[in-house]
Structure formats: C-alpha cells, structure tokens
Amino acid sequence: MSKTPNFLCYATRRKPPIEPDTNTISSAEEGNDNARKVVQVILWVVEGVYILWLFLLPYAPGDPVWAISSETVNSLIGLSLNFFLILPFINSVGIRLIDAPVLHPMSEGLFNFVIGWTFMFAPLLFTDCKRDRYRWSLDVLWGFQMFLTNTFLIPYMAIRLNEADSSYTPRKRSQLGTIMTNGAPIVGLIGGAACLISVLWALFGRIDGNFGSIADRCEFLVSYLLSERLAYAFIWDICLYIIFQPWLIGENLQNVQKSKVDLINYFRFVPVVGLVAYLLCLNLDEEL
C-alpha cells in the first residue's frame, strides 16, 4: 500500500504595515519651520542693512540720500530720460523732439541693464505660487521696484515665507498682472534685449563721443562704482537678483511647460538668461 506524500504549505506570516514615524515627521516639519524663520530673519536684516548702508549712512561710496548733490540728481534725471536707451536711438535717426542727455555710456549701460532685469521680474512675481501671502498690491510693489529695486523686493521675499492662511481668499489678478502674465514672452524678449543692448552700449556706445576704448570705459566703471552711490547700489541689486532669480524660478517650475522644466531648472542660475527662458517657457494654457 503506497503512502500518499504529504505536501506541507509553509505560509509566511504577513508583516504588519510599517507605520510612519510621527516623531520623525514632526521633527522634519519643525526643522523646516525653523529654517524658514531663520531665512525670514536674515532677509529682514538684509533689508535693514540695505536701507541704512545705501540710503542713510555716509560710509558707502557717494552721498547718502539726505546729502545728495545736484550733480547726482542731474545724472539720475539724465539716466531716466535715456530709459532703455530709446531717446538716444530716436535722436540717432534724426528724430529730435527732445535731445537725449549725453552721459557716459558705462553709466547708461549699467542703469538700463538693472532696469531691464527688474522689468522682467513682473511676470515672475505675478505667477509666484506664494504671491497671495503678500496681502498688498503687487502692482504697487513692482512699480516701486522699477524705481527703488530691492528696497521693496527684499520685504516681498521675506513675507512670501509666511505660513499660508487657509482662511484667506486669494485675490483676483489685477489688469496689470493679467497683461504681464499673458504677455510674459514679450516681456522676456524686451527685457532680455534691453539687457543685451545695455552691455553693448556700455562697451561700444557713443563711439564718436571721446569716451575712450573698452579698457578706458572699464576704468571709468571702477571709479564710477567707487564714487557714486547710485552705481554702488546697482551692484548690490545685481548680487541680490542673482540670488532671488533662481530662488523664485525654482519654486515655480510647475508654471513651466512640462517639456521645458529640466531646461529651466538648469538655466535659472544664469543671470538674466534664466529669467528670459522662464518667461518664454511659461505654460499660458493653464491658470497660473
């Protein structure tokens, strides 16, 4: 009589699901919250230093705002009249409704380079995912930024780090915000062209104006930065924009066309170019 073989089934006991360590999660959240608060404090300190050092104290190159010279005022008026170098170019083709002030091309180039970069920040601010944490008008903020640059952008960068308020109803985007967002590619092209032309103008503009060679112009730039408060402040602005541009773009990559996200994530660190690329690659088919 043959024996039937016994087939034994050794079933393994199912392991219970791993529960997330709430202590670890809460510690990570607390660490992120502490880091956020530290960054906020740093930004407010930078704002205080920016205002004190560049506007009020007499120790930086040039005159503080309370002792500004008439020469500096005249220079600022002249630079403003030559905004985006429109007036000099109009004069060059024979249209002379107003004669463009003749200033050193290096000072004009530096001024318009910073203004062109600032101009492109408008669509970036209006598409920022954290813009609603700033309860005041973004139109006014950007308008003041065009004239006083980081005096108003630094506080925005600090305020946008506030905790989100679930009870707050997001505002409808303003007419200016809608225009700047829908026209972001055009803004990028205009601002990028302004920055490029400003660099070329600084190096080669007013060839017949006895402003010297490129070496002479670079020598003037150094002396200009070390003697004029406005020029000195622009260097601060450029350094801060180099930080703020990749920061803001990096937190808003979801606004970019999906096929271009990796490209923008790389180019966001390139001054000016990264912002132009972001504006050209915005996904305007979705609500931003």
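Cβ atoms here come from the backbone N, Cα and C positions, even for glycine.
Note that the coordinates shown come from a computational prediction; the quantities given were computed from them, not determined experimentally.
For 41-60, 72-90, 110-128, 140-159, 179-204, 225-244, 264-284, the entry in TrEMBL reads transmembrane segment.
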Positions whose Cβ lies under 8 angstroms from the transmembrane segment (72-90), at least six residues beyond its ends: 62-63, 96-98, 100-101, 103, 107-108, 111-112, 115-116, 194, 197-198, 201, 205, 228-230
Annotated stretches the transmembrane segment (140-159) and the transmembrane segment (264-284) touching (3 or more Cβ pairs under 8 Å): no
